[in-house]
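Enquirer: Got these off Swiss-Prot a minute ago, pasting:
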SIGNAL    1-25  signal peptide
DOMAIN    28-109  domain 'IGFBP N-terminal'
DISULFID  Cys32-Cys59  disulfide bond
DISULFID  Cys35-Cys61  disulfide bond
DISULFID  Cys43-Cys62  disulfide bond
DISULFID  Cys50-Cys65  disulfide bond
DISULFID  Cys73-Cys86  disulfide bond
DISULFID  Cys80-Cys106  disulfide bond
REGION    102-131  region 'Disordered'
MOD_RES   Ser122  phosphoserine
MOD_RES   Ser127  phosphoserine
MOD_RES   Ser130  phosphoserine
MOD_RES   Ser148  phosphoserine
MOD_RES   Ser160  phosphoserine
MOD_RES   Tyr162  phosphotyrosine
DOMAIN    177-255  domain 'Thyroglobulin type-1'
DISULFID  Cys180-Cys210  disulfide bond
DISULFID  Cys221-Cys232  disulfide bond
DISULFID  Cys234-Cys255  disulfide bond
MOD_RES   Ser246  phosphoserine
Amino acid sequence: MPEVLAVRAWPLLLSLAVQLGATVGAPQPWRCAPCSAERMALCPPVPASCPELTRSAGCGCCPMCALPLGAACGVATARCARGLSCRALPGEPRPLHALTRGQGACMTTPSDEATDTKDTTSPENVSPESSEITQEQLLDNFHLMAESSEDLPILWNAISNYESLRALEISDVKKWKEPCQRELYKVLDRLAREQQKAGDKLYKFYLPNCNKNGFYHSKQCETSLEGEPGLCWCVYPWSGKRILGSVAVRGDPKCQQYFNLQN
């Protein structure tokens, strides 16, 4: 009887990881790389007018000003001040999508809801069978994953593609014609096993950036938990192989230039 893909409770990839059964063991938490004294020394001074400090978005080490009530917020912005939470605006048809684009707002969190959130959004308390991501879970995990706004489309594409794979049986994987989706499944499988061995020490990894048709976006990037964006490079959409002459950079590698040259 083939196994069925299900969501593992990773704090990094809450809806992306793979439940591989008892052979893998209990899921291990993913955490940012430790903040060394050298990294902390590079932090810019915080303005004296800042009423409240909060952790940096992503895996940055530098403190920053918390966002006040009503401020625009999202997964790649600063965090909301104590007692507030970043929520999609009322009536927003795609609340999670809005948060990935910084279109939420810092709103008051009722005390009873704050207690519930603390109890339920912890990765250890998320059911592996759950296919739903709450706004709180999205923010908790994407704040860790997304070092910059450039990371968000890649991470969101990975979630969207994995959602389309979750209901498929492992025995079907070899039959898939879509190369990027095949690789995404294999990468998630490998990462789940590597994380069990590495514990908290796996700070960089690569997730294939697939389009809705299962092929590759020309821009591919690694995810880094070391406080700075990972490297990005350009690939051929049909194969995922790096384009000859393309250079891996931190930021936008401007992949379209290579296709313009070919045309």
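The backbone N, Cα and C atoms fix where each Cβ goes, and this holds for glycine too.
Owing to the predicted nature of the structure, the values given are computational and were not obtained by experimental measurement.
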Enquirer: Through the lens of DSSP with three states only, how would you label Cys232 (disulfide bond)?
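Expert: DSSP assigns Cys232 (disulfide bond) to strand.
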Enquirer: Starting from Cys73 (disulfide bond), work out which of the disulfide-bonded residues listed here (Cys62, Cys65, Cys80, Cys106, Cys180, Cys221) have their Cα within 10 Å, and give them in sequence order.
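Expert: Cys80, Cys106, listed in sequence order.
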Enquirer: Sort the residues of the domain 'Thyroglobulin type-1' (177-255) into helix, strand and coil with DSSP and give the three counts.
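Expert: Secondary-structure breakdown of the domain 'Thyroglobulin type-1' (177-255): 23 helix, 19 strand, 37 coil.
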Enquirer: Helix, strand or coil: which one is Cys43 (disulfide bond) in, per DSSP?
Expert: coil
Enquirer: Do you know the DSSP helix, strand and coil residue counts for the domain 'IGFBP N-terminal' (28-109)?
Expert: 11 helix, 18 strand, 53 coil
Enquirer: Pull out the disulfide-bonded residues from the set Cys61, Cys80, Cys234 whose C-alpha sits within 10 Å of the C-alpha of Cys221 (disulfide bond).
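Expert: Near Cys221 (disulfide bond) by Cα: Cys234.
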Enquirer: Determine the Cβ neighbour count for Cys180 (disulfide bond): the number of other Cβ atoms within 10 Å of its Cβ.
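Expert: Summing over all protein chains shown, Cys180 (disulfide bond) has 25 other Cβ atoms within 10 Å.
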Enquirer: Between Cys50, Cys61, Cys86, Cys210, which of the disulfide-bonded residues has its C-beta surrounded by the fewest other C-beta atoms within 10 Å?
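Expert: Least crowded of the disulfide-bonded residues Cys50, Cys61, Cys86, Cys210, by Cβ count within 10 Å, is Cys50.
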Enquirer: What Cα-Cα separation, expressed in whole Å, is found between Cys59 (disulfide bond) and Cys232 (disulfide bond)?
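Expert: Cys59 (disulfide bond) to Cys232 (disulfide bond), Cα-Cα distance: 18 Å.
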Enquirer: Which whole number is the mean pLDDT over the domain 'IGFBP N-terminal' (28-109)?
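Expert: Mean pLDDT for the domain 'IGFBP N-terminal' (28-109): 83.
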Enquirer: Between the Cα atoms of Cys106 (disulfide bond) and Cys61 (disulfide bond), find the distance and write it as a whole number of Å.
Expert: 22
Enquirer: Cα of Cys180 (disulfide bond) to Cα of Cys234 (disulfide bond): how many Å, rounded?
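Expert: Distance (Cα to Cα, whole Å): 14 Å.
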Enquirer: How big is the Cα-to-Cα gap, in Å, between Cys43 (disulfide bond) and Cys61 (disulfide bond)?
Expert: 8
Enquirer: Same-chain residues six or more away whose CB lies under 8 A from the CB of Cys62 (disulfide bond)?
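Expert: Correct list: Met40, Leu42, Cys43, Pro44, Ser56.
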